[in-house]
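Here's the feature list from TrEMBL:
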- B:1-25: signal peptide (SIGNAL)
- B:82-99: transmembrane segment (TRANSMEM)
- B:136-159: transmembrane segment (TRANSMEM)
- B:220-251: transmembrane segment (TRANSMEM)
- B:257-278: transmembrane segment (TRANSMEM)
- B:285-302: transmembrane segment (TRANSMEM)
- B:314-342: transmembrane segment (TRANSMEM)
- B:354-379: transmembrane segment (TRANSMEM)
- B:385-407: transmembrane segment (TRANSMEM)
Amino acid sequence: CALHVICCNAGQFFSSGHTNNWAVLVCTSRFWFNYRHVANTLSVYRSVKRLGIPDSHIVLMLADDMACNHRNPKPATVFSHKNMELNVYGDDVEVDYRGYEVTVENFLRVLTGRLPPSTPRSKRLLSDDRSNILIYLTGHGGNGFLKFQDSEEISNVELADAFEQMWQKRRYNELLFIIDTCQGASMYERFYSPNIMALASSQVGEDSLSHQPDLAIGVHLMDRYTFYMLEFLEDIHPASKTNMNDLFKVCPKSQCVSTPGHRTDLFLRDPGSVLITDFFGSVRKVELTMDAINLTDPIKQMEENPVNGEEQKEVYSYADQLPVSEIIHQKPKQKDWHPPDGFILGLWTLILLVFFKTYGIKHLKHIF
Amino acid sequence: MAAPLTLLLIVAVTIRAALFRSSLAELIAERVEVVSPITAWKRVVEGLALLDLGVSPYSGDVFHETPLIIYMFHFLVDYAEITFMLADVITAVALYMAVKEYNKQVFRKQKFALEADRYPMDSLELIRSPKEMYYIPLKVAMFYLLNPFTILSCVAKSTCGLNNAVLALFFLSTIKGNVLLSAIFLCLATYQSIYPITLCAPAMLYFMQRQYIPVNFRRVSFWWFIVQYLFMYLGSLFVLICLSFFLLGSWDYLPSVYGFILSVPDLTPNIGLFWYFFAEMFEHFRLFFLCVFQINVFFYTIPLSIKLKEHPVFLMFMQLAVISIFKSYPTVGDVALYLAFLPVWSHLHRFLRNIFLVSCVLLACSVLFPVLWHLWIYAGSANSNFYYAITLLFNVAQILLVSDYFYAFLRREHHLTNGLYLKRKDGSEATLILK
């Protein structure tokens, strides 16, 4: 019956569990010859914006300014394709953290939300426990670390701990982590929080290579992995039903030279049921209806395939940060400091001794 | 003399009570010229609060006073204002009685010298008469109580007032001739801030003079007296330190109090010379310059003692002044103590050469301190150099004051033995200068 169909569709509405989308896009390298990293980040930014995530939900961190760099022969542009086919800088780029503000500390503060009260909203990741977050990192990396600004690095352990903090503070529903650096797979090795899916452009021991140089601009414009991912994303539109398994197939070894990797063991849903637009877009499912719908019946969830046949994972729950109940009900300790009795005795004996020594023993008989 | 003294005490207590009740009290309590990290009342309250919470008051860099202060204020914290006013009153009364006794001795010595005909004829106008010396004790008490520096220090509830009281009691017991009490009060003063240890020398010299022990290195009686005095002094110091350990149950007051005074880790600006220097000191040289600056306090004792071995009370004044100028965290309360002694040497006024300059500079600097602080910290249009310039000028004026009195004193002594109108060998007029 129609009602049953609507109920099933309503179940499909809430299958992914998220109500809003966020994106944190970080380019960690500076200097003109790292043009491609900025172009990487900006192309992902462009796709994500095109698919519906607004600027207020994107935290864009660019460590250097390529569009207005002195060495840019075409100022105010950042190209992602040779022959200057695609300007990813555009007219409406909103960079939230620029230049020297892109540091490990700021990145971790954005993720965990521990920012000073004076930070403006555009610099905050105001996600909640129904947010799907896309985190994209690019730059120079190594086995277990990612270099920021040529002066500091973030390690995979720090990143994993930051994600665990986010999980414990209920700052995400599901997280998609994409990293395009050399040995990128080492960065997601240490994740241990649930609901994280990770993709990397190369395995440990491999370098991610850049795509093509543009002879007019003089530098390499994009990295291979992000280039092919951008091509893939250009075909996605807000209503497309492409799922994550297709994203895993982007940039095979023949095109990328390095072997892209991915990690889905922490993710509760089957990647085949996760839509690209769950992370890259901000899709609001709207269905117009002229009929009144009776929602008293409990909404049945779509049958979920068991996740690769693994056993049921333990139920994750909110960890208590502070034993608040103990603190509230604790009575203040009434201990008041008093000097030791022996001390008082000794001090006053001394004072009396000095007094009698000074003024003579004869005074004693006036007291006793 | 009791009535004017009582009147003076009442006036002084009234002024302080009025200031305590006004809104100026908090303002004054924050001024860096009046309180230092050692003497601030805020820190005493913090230490007591920490103690009530079960934590050692010396944890963290908050409290740098001695455990006996904790003991005293544990019971007196609600009567703190009365305590500090009482300390000022005790200081004034002790100084009054001490100077009265000292004047008696000065006059007696002078009488003997006159009878022994030791003064040449033309220096007789330098002789002092009891009439002119009659009001000196009252003036000393007045100089101490009504000095704006003292009033500020009392209203700020700085523990410097307590230190001054102990030093005044030490002075009184020394002048009266009580060796034990003098050793004990000096020990208390040293226990609170290390520098009064240099006052051992003038105290010992005074007692030796009083007991007619000749100050001669070859005499056994000289060394025997030194041993006695030092035994009493060091014994009471030892007892005090052990008592303090017993009070709080740990030794961590030693680095917090004495380590703090000697190693100067806190570089808050004050009216002293240490902060600016050590703010810009490289770590490599810090220990060296710390030693140099600290030795500067103790260094003048031996030469001054040798020069002034017949005048131990003047030596005490000089030593107090040196301590107040060169200590690591001076405040205006320390300055006030030695300024109180100036009426005792009022007979030197005809030999003082720079007194106008010194008083103008001291006045100007006292006014400029808060002005440049405001410009530096609040307006932002000056920097620390401006404030340090005033600090330097203030200290230079103080040193000039002290050396001027030294010159005047020595010159008077010279005139008393050699006559007032000095002549060179060829008969022309000569002047004495201090080189």
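Cβ atoms are placed via backbone N, Cα and C, with glycine included.
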Restricting to CB pairs under 8 Å, which listed stretch, B:82-99, B:136-159, B:220-251, B:257-278, B:354-379, is in contact most with the transmembrane segment (B:285-302)?
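The stretch with the most close Cβ contacts to the transmembrane segment (B:285-302) is B:257-278.
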Name the range, of those listed as B:82-99, B:136-159, B:220-251, B:354-379, B:385-407, that has the largest tally of Cβ pairs under 8 Å with the transmembrane segment (B:257-278).
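Comparing B:82-99, B:136-159, B:220-251, B:354-379, B:385-407: B:385-407 has the most Cβ pairs near the transmembrane segment (B:257-278).
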Which residues of the chain, 6 or more past the ends of the transmembrane segment (B:385-407), have a CB below 8 A from one of its CBs?
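Same-chain residues near the transmembrane segment (B:385-407) but 6 or more away: 269-273, 275-276, 317-318, 321-322, 324-325, 335, 342, 345, 348, 351-355, 357-358, 361-362, 365-366, 368-369, 372-373, 375-376, 434.
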Counting only residues 6 or more past its boundaries, what in the same chain has a CB within less than 8 Å of a CB in the transmembrane segment (B:136-159)?
1, 4-5, 8-9, 11-12, 15-16, 19-20, 24-25, 28-29, 31, 34-36, 38-41, 44, 65, 69, 80-81, 84-85, 87-89, 91-93, 95-97, 99-100, 103, 192, 331-333, 335-337, 339-344, 346, 366
Could you tell me what the rest of the chain brings near the transmembrane segment (B:354-379), counting residues at least six beyond its ends with Cβ under 8 Å?
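Here the qualifying positions are 31-33, 148-149, 269, 271, 332, 386-387, 390, 393-394, 396-398, 400-401, 404.
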